[in-house]
Amino acid sequence: MVKETTYYDVLGVKPNATQEELKKAYRKLALKYHPDKNPNEGEKFKQISQAYEVLADSKKRELYDKGGEQAIKEGGAGGGFGSPMDIFDMFFGGGGRMQRERRGKNVVHQLSVTLEDLYNGATRKLALQKNVICDKCEGRGGKKGAVECCPNCRGTGMQIRIHQIGPGMVQQIQSVCMECQGHGERISPKDRCKSCNGRKIVREKKILEVHIDKGMKDGQKITFHGEGDQEPGLEPGDIIIVLDQKDHAVFTRRGEDLFMCMDIQLVEALCGFQKPISTLDNRTIVITSHPGQIVKHGDIKCVLNEGMPIYRRPYEKGRLIIEFKVNFPENGFLSPDKLSLLEKLLPERKEVEETDEMDQVELVDFDPNQERRRHYNGEAYEDDEHHPRGGVQCQTS
């Protein structure tokens, strides 16, 4: 039992979520609310990052489950939170803040794919927007010699203010220079490049051809090195494509295996059957249960080499795992005469010798809501005992 569920609610998962479920939830939400895509959702992005940072760490998660957010803030497991952008970059392969300072930003894009795409392989063309160095000014932002050191911050890009917080006590506050927006240099408006307006970069449309190999998995990353955002003086970042698999109507993927449920009738469970299955590469395979091979409700069987292709070994495949659900006939489907005949064909049932000490009882259908109603009525009854309702008072003379 967890103390609170706030972090789980932020990620939209249950408290018993697996690490894979946490990763999938974070991936979708982080891409949706990233500041580059949603500039007004900075606080939401921060909450998502904090929730994932705690729940992805087994020690922090255990501490949170026992003591809630307060236990994390008190530092019982290395308290405090990392930068949301660092968490994002580490998750998507960006390398963290130090590497980000030497390179342009990575562009991360989620690509929706089907299970058929991952089974057969596919090629998709994807149009993206990215920053490129302005070719008109060659990334200077203006005319040659027009760029000058910002006199306000002396080229550091940062301002330092001293704030007195008490007698003999001062606080040093560092913030981005408003004059140069943190660049450490400025360009006179008349000398700015007309193409990029002094920003040194422009937005450009990029068409990528994304090759999805057989056996790739949900959440797998395809990286286009050096194709990300460009910035003057920095190496270009990467474009990272993250595969997001849609749910399939029939099959569920479990590693290299495919899992499915199959309904069969009672006669098929007892007497055998043949069932066709349409595969993800548009073949039809037929599974056979021979007469005399009893298939019980909940039995699990498999077909070898009919699962997912193994990544980079596409001629090898996992298993197709099938769980059988036996559908029983409705009450009264046989007349008494035929029922008697069926009984003679089936294995003999064990008769119970009744004694006088035994009580005869009757089976009825179970109603799961009945207990809830009884529980509710019981609470209401107890409440009446503790807080009697006021009735009409008899007048006494």
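In case you wondered, yes, glycine gets a Cβ from its N, Cα and C as well.
Taken from Swiss-Prot, the feature Zn(2+) 1 binding site applies to Cys134, Cys137, Cys193, Cys196. For Cys193 (Zn(2+) 1 binding site), the number of other Cβ atoms no farther than 10 Å from its own Cβ, over all displayed protein chains, is 21. According to DSSP, Cys193 (Zn(2+) 1 binding site) is assigned to coil rather than to any helix or strand.
The Zn(2+) 2 binding site annotation in Swiss-Prot covers Cys150, Cys153, Cys177, Cys180 and is backed by similarity to another entry. Long-range Cβ contacts of Cys153 (Zn(2+) 2 binding site) within its own chain (separation 6+, distance under 8 Å): Gln159, Cys177, Glu179, Cys180, Gly184. The DSSP secondary structure for Cys153 (Zn(2+) 2 binding site) is coil.
Look at Swiss-Prot and you will find 6-68 tagged as domain 'J'. Secondary structure by DSSP for the domain 'J' (6-68): 46 helix, 0 strand, 17 coil.
According to Swiss-Prot, the feature S-farnesyl cysteine maps to Cys394, an assignment based on similarity to another entry.
The Cβ of Lys66 (N6-acetyllysine) lies under 8 Å from the Cβ of Lys3, each of which sits 6+ residues away along the same chain. Feature annotation from Swiss-Prot assigns N6-acetyllysine to Lys66.
Sequence annotations record features per position, and here Swiss-Prot assigns phosphoserine to Ser83 (among others). The secondary structure of Ser83 (phosphoserine), as reduced to three states from DSSP, is coil rather than helix or strand.
When secondary structure is read from DSSP and collapsed to three states, Ser335 (phosphoserine) falls in the coil class. Per Swiss-Prot, the feature phosphoserine maps to Ser335 (among others); the stated evidence is a large-scale study or a structure entry.
Under the heading region 'Disordered', Swiss-Prot lists 352-397.
Helix, strand and coil content of the repeat 'CXXCXGXG motif' (134-141), in residues and according to DSSP, is 0 helix, 0 strand, 8 coil. Per Swiss-Prot, the feature repeat 'CXXCXGXG motif' maps to 134-141 (among others).
Per Swiss-Prot, the feature repeat 'CXXCXGXG motif' maps to 150-157 (among others).
Away from its own ends, the repeat 'CXXCXGXG motif' (177-184) comes close to residues 149-153, 155-159 of its chain (Cβ-Cβ under 8 Å, at least six residues beyond either end). If you look up Swiss-Prot, you'll see 177-184 (among others) marked as repeat 'CXXCXGXG motif'.
Among the features that Swiss-Prot reports, repeat 'CXXCXGXG motif' is placed at 193-200 (among others).
If you look up Swiss-Prot, you'll see 121-205 marked as zinc finger.
Each of the binding-site residues Cys137, Cys196 was ranked by the number of other C-beta atoms within 10 Å, and first place falls to Cys137. Nearest Cα neighbour of Cys196 (Zn(2+) 1 binding site) among the listed recorded positions (Ser83, Cys150, Ser335): Cys150. Summarised as a single figure, the pLDDT of the repeat 'CXXCXGXG motif' (134-141) averages 90. A count of other CB atoms within 10 A of each Cβ picks out Ser83 as the most crowded of the modified residues Ser83, Ser335. Annotation for Cys134 (Zn(2+) 1 binding site): same-chain Cβ neighbours under 8 Å, separated by at least 6 residues, are Gly141, Cys193, Ser195, Cys196, Arg199, Lys200, Ile201, Val202. For Ser335 (phosphoserine), the nearest neighbour among the listed recorded positions (Ser83, Cys137, Cys150), judged by C-alpha distance, is Ser83. Excluding Cys134, Cys137, Cys193, Cys196, which define the Zn(2+) 1 site, the same chain contributes Asp135, Lys136, Glu138, Gly139, Arg140, Gly141, Gly142, Arg192, Lys194, Ser195, Asn197, Gly198, Arg199, Lys200, Ile201, Val202 within 8 Å (Cβ to the Cβ centroid), listed in sequence order.
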